[in-house]
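Asks: Have a look at this one.
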Amino acid sequence: MQIGKLIQQIFWFLLSLLPLLIWLNLWLSQSQTHSLDSIDKLNKPTTQAFINEPLQPLPEQITLNADKVRLGQQLFYDPRLSKTNKMACVSCHPLTSTDKPRKSSELNNINIPSLYNVSFNVFLNWDGRTEQLSDDLDNTLHAPDKLASDWQTLIAKLQQLTDYTALFQQLYPTVGITEQSIKDALITFERSLYTPNARFDKFLRGDATALTEQEKAGYQLFKQVGCVGCHQGVNIGGNLLQKMGLTADYFAEREDAIADNGRFNLTGQEADRHVFRVPSLRNVAKTAPYLHDGSVDNLAETVAIMARYQLGRPLTNEQIESIVHFLHTLTGEYQGKPL
Ligand code: HEC
Ligand code: HEC
């Protein structure tokens with residue numbers, strides 16, 4: 001009897017330990033996954049390093065059909081896309097230093113945006129008129145001050161050119177030369193215009209040595225004073241519409257210019273007067289002149305304008321210089337070569 005009771009007591013004692021044992025087991029297995037986690041973090045500093053930043057790196061590689069990119073490029077450089085056969089996309093949107101750009105003064109003083117990284121913009125054009133590259137192509141083809149043509153004319157023209165008929169037949173065998181296939185080729189080329197590997201992107205991916213201390217301080221300031229409230233995300237802009245002159249009237253001392261109305265020209269809403277798409281700051285050191293009318297040539301001066309009219313807090317020359325140092329780290333590579 002005594003022994004039976006003892007066994008019973010031992011049994012109950014062990015049973016009472018069960019929750020503790022289960023907890024101990026869980027805790028051990030958890031701390032095991034914890035330690036696995038931290039090894040993971042050490043092995044992959046990249047994702048951890050930029051995950052909480054308001055700016056994000058461009059993808060290092062985008063997979064695109066190389067033949068379509070080439071066809072799109074041929075179209076981009078071909079003046080026969082315009083009614084007059086004199087104006088190609090590249091006539092206004094230079095991609096290399098040998099391409100001769102038109103002056104914005106020939107285009108109602110509208111600054112011609114760089115097309116690098118254009119596929120990462122949420123809004124297109126200074127007034128954010130379109131969001132799709134396809135709609136933008138419709139506008140560009142029809143605009144009297146751009147290609148001044150239409151799809152019917154363009155398709156008929158390309159169908160006469162044996163170099164194009166063969167290429168389209170090969171790449172779009174079921175449709176040949178249509179509005180859709182022309183757009184597809186041009187947009188595939190536009191998507192190929194991305195510029196990865198800016199020093200800043202390497203920094204975001206976890207390479208702390210990619211920026212100098214001076215440049216890092218410039219980035220801190222860019223965040224601290226509030227630039228990042230508007231210039232943000234993967235394109236460091238391109239995803240917001242904002243009034244130019246939030247904290248002071250930028251247009252007060254200027255003569256009336258239609259382009260200055262910004263989004264108002266599109267919507268007719270008073271609230272949209274002087275509202276513009278916040279431009280991307282990628283490659284900004286290489287894309288002077290600045291602002292919607294190209295009225296400023298100098299990057300430091302542009303930053304000073306931003307501080308005064310968008311933030312309402314003048315920056316010292318030292319602070320401006322520091323931010324400009326940071327902006328210079330945003331220059332990426334096109335096809336493996338620095339812009
Ligand atoms: C005569 C000059 C001219 C030609 C030719 C031209 N563009 Fe443009 N493009 C501009 C101007 C100016 C803007 C900005 C207009 C605005 O914001 O009001 C622009 C804007 C754009 C944008 C929007 C970019 C952004 O980030 O907002 C894209 C995309 C574009 N053009 C692609 C093309 C393509 C593709 C072609 C050829 C099919 C072309 N353009 C031909 C002058 C031109
Ligand atoms: C409230 C939103 C907002 C803030 C904050 C802001 N910006 Fe801007 N930024 C804009 C808009 C909108 C434009 C275009 C204005 C125009 O074209 O008239 C612009 C244009 C620019 C340009 C010219 C880019 C080009 O390609 O033409 C630069 C450079 C720039 N900003 C840098 C900065 C810096 C640096 C700061 C912080 C000191 C800053 N911005 C703060 C909205 C903002």
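Glycine is no exception: its Cβ is also placed from the backbone N, Cα and C atoms.
Just so you know, TrEMBL annotations never went through curation; they're auto-generated.
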Asks: Given that TrEMBL annotates C227, C230, H231 as heme c 2-binding, name the residue from M87, M306 that shares the site.
Replies: M306
Asks: Across the domain 'Cytochrome c' (67-169), what does the pLDDT come to on average, as a whole number?
Replies: 94
Asks: Same chain only, sequence gap of 6 or more: which residues have a CB within under 8 Å of the CB of C92 (heme c 1 binding site)?
Replies: P101, R102, L107, I112, K146
Asks: Taking ligand 2 as the reference, state which of the binding-site residues C89, C92, H93 have a Cβ closer than 6 Å to one of its atoms.
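Replies: Once distances to ligand 2 are taken from each Cβ, none falls under 6 Å.
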Asks: Does DSSP put H93 (heme c 1 binding site) in a helix, in a strand, or in coil?
Replies: coil
Asks: Out of H93, H231, give me whichever of these binding-site residues has the highest number of other Cβ atoms within 10 Å.
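Replies: Neighbour-count leader: H231.
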